[in-house]
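A.B. asks: What follows is a structure written as structure tokens; I'll ask about it next.
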Amino acid sequence: FGSLLGICLVTQIITGLLLATHYTADTNLAFASVAHTCRNVQFGWLIRNLHANGASFFFICIYLHIGRGIYYGSYLNKETWNTGVILLLTLMATAFVGYVLPWGQMSFWGATVITNLFSAIPYIGQTLVEWAWGGFSVDNPTLTRFFALHFLLPFVIAGITLVHLTFLHETGSNNPLGIPSDCDKIPFHPYYSMKDILGFALLFIALVAMALFSPNLLGDPENFTPANPLSTPPHIKPEWYFLFAYAILRSIPNKLGGVLALAASVLVLFLIPLLHTSKQRSMTFRPLSQILFWTLVANLLVLTWVGS
């Protein structure tokens, strides 16, 4: 899945760059500029659909990648693992600021709700939120800085990815048995390159099918309405890939407690290498750990379902 994530990143940067050429980061024009891209730009609708659904595929790939890393004990390559968690956090930040850009209802209210969480931080919270907003509510300054961040962060991700790969190159990759595989090494090309191309093809077919046949399947219908600060949508919720965290946030009645739980649900990945006590690296021959692992997966799926 690592190679698929690389392809996702490249695709997102290319489609994003093409979209940015037609986008206007202004509260009065943002929604109209996206509509203009879809209607009047050659293949603008396709580029937008690929970009929007590409984000979903990016998250599908990264969650599978992390799940596999946990299952096979890959987190024992501590530097690789920690840079990977930082990559996940950066990706989540990028997806969040990107979701705000079309300036639909859910964009606006999602931005309002999530940035407002920073006000739960004691003492500096309120100042921090107003500083992030550039005013006393989510408005034009917020949109322009979010566009700047959304343009910048993917290149930051690309940079950290190189660090991630460098650390991986130090140790070599892991395998399902969790034992050294020096004696089984084979040339990257043509073997691994062909294996990766199969993955690319499957990912690409799935993405194109999604973008062409049901591009709005994962989107929120509220986002077809331009942002209106005076009318709150009946249910504010993020895109599906944040629902597990959002469900955790909303299940805790205390604001600060919810924010801490939300942060912990992702940051717990940093602790995993410290919690490994088994003499075996991978879960291949550890039924109890397997049960716990699949319970965790089921838990995430249930949280995602409940969050919506």
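Cβ coordinates are placed from backbone N, Cα and C, and glycine is handled just like the others.
Quick caveat, the model's predicted, so the values are computed rather than measured.
Pasting the relevant annotations from Swiss-Prot:
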type     : residues  : note
TRANSMEM : 1-21      : transmembrane segment
TRANSMEM : 45-66     : transmembrane segment
BINDING  : H51, H150 : heme b b562 binding site
BINDING  : H65, H164 : heme b b566 binding site
TRANSMEM : 81-101    : transmembrane segment
TRANSMEM : 146-166   : transmembrane segment
BINDING  : H169      : ubiquinone binding site
TRANSMEM : 194-214   : transmembrane segment
TRANSMEM : 256-276   : transmembrane segment
TRANSMEM : 288-308   : transmembrane segment
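A description of the local structural setting of each listed feature is requested, covering burial, neighbours and distances.
C.D. replies: Counting same-chain residues at least six beyond the ends of the transmembrane segment (1-21), those with a Cβ under 8 angstroms from any Cβ of the stretch are 37, 44, 47-48, 50-51, 54-55, 57-58, 61-62, 64-65, 68, 98, 150-151, 154-155, 157-158, 161, 196, 199-200, 203-204, 207.
Look at H150 (heme b b562 binding site): DSSP puts it in a helix.
When secondary structure is read from DSSP and collapsed to three states, H65 (heme b b566 binding site) falls in the helix class. Sequence-distant contacts of H65 (heme b b566 binding site), defined as residues of its own chain at least six apart whose C-beta falls under 8 angstroms from its C-beta, comprise F1, G2, L5, G84.
For the transmembrane segment (146-166), the list of distant contacts is 6, 9, 12-13, 16, 20, 23, 25, 80, 83-84, 86-87, 90-91, 93-94, 97-98, 100-101, 111: same-chain residues at least six beyond its ends, Cβ to Cβ under 8 Å.
H169 (ubiquinone binding site) falls within a helical segment according to DSSP. Taking the Cβ of H169 (ubiquinone binding site) as centre and 10 Å as the limit, one finds 10 other Cβ atoms among all the protein chains shown.
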A.B. asks: Within its own chain, what residues at least 6 apart in sequence put their Cβ under 8 Å from the Cβ of H51 (heme b b562 binding site), listed in sequence order?
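C.D. replies: In sequence order, the residues whose Cβ lies under 8 Å from that of H51 (heme b b562 binding site) (at least 6 apart) are Q12, T15, G16, L19.
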A.B. asks: Specify the count of other C-beta atoms within 10 Å of the C-beta of H164 (heme b b566 binding site).
C.D. replies: 21
A.B. asks: Determine which recorded stretch among 45-66, 81-101, 194-214 has the most C-beta pairs below 8 angstroms with the transmembrane segment (256-276).
C.D. replies: 81-101
A.B. asks: Using a Cβ-Cβ cut-off of under 8 Å, list the residues of the same chain that are 6+ residues beyond the ends of the transmembrane segment (81-101) and lie near it.
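C.D. replies: Answer is 16, 23, 25, 30, 34, 55, 58-59, 62, 65-66, 69, 74-75, 107-108, 110-111, 114, 142-143, 146-147, 149-150, 153-154, 156-157, 160-161, 163-164, 167, 238-239, 241-242, 266-267, 269-270, 272-273.
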A.B. asks: Using a Cβ cut-off under 8 Å and a sequence separation of 6 or more, which residues in the same chain sit near H150 (heme b b562 binding site)?
C.D. replies: G16, T94, V97, G98, L101
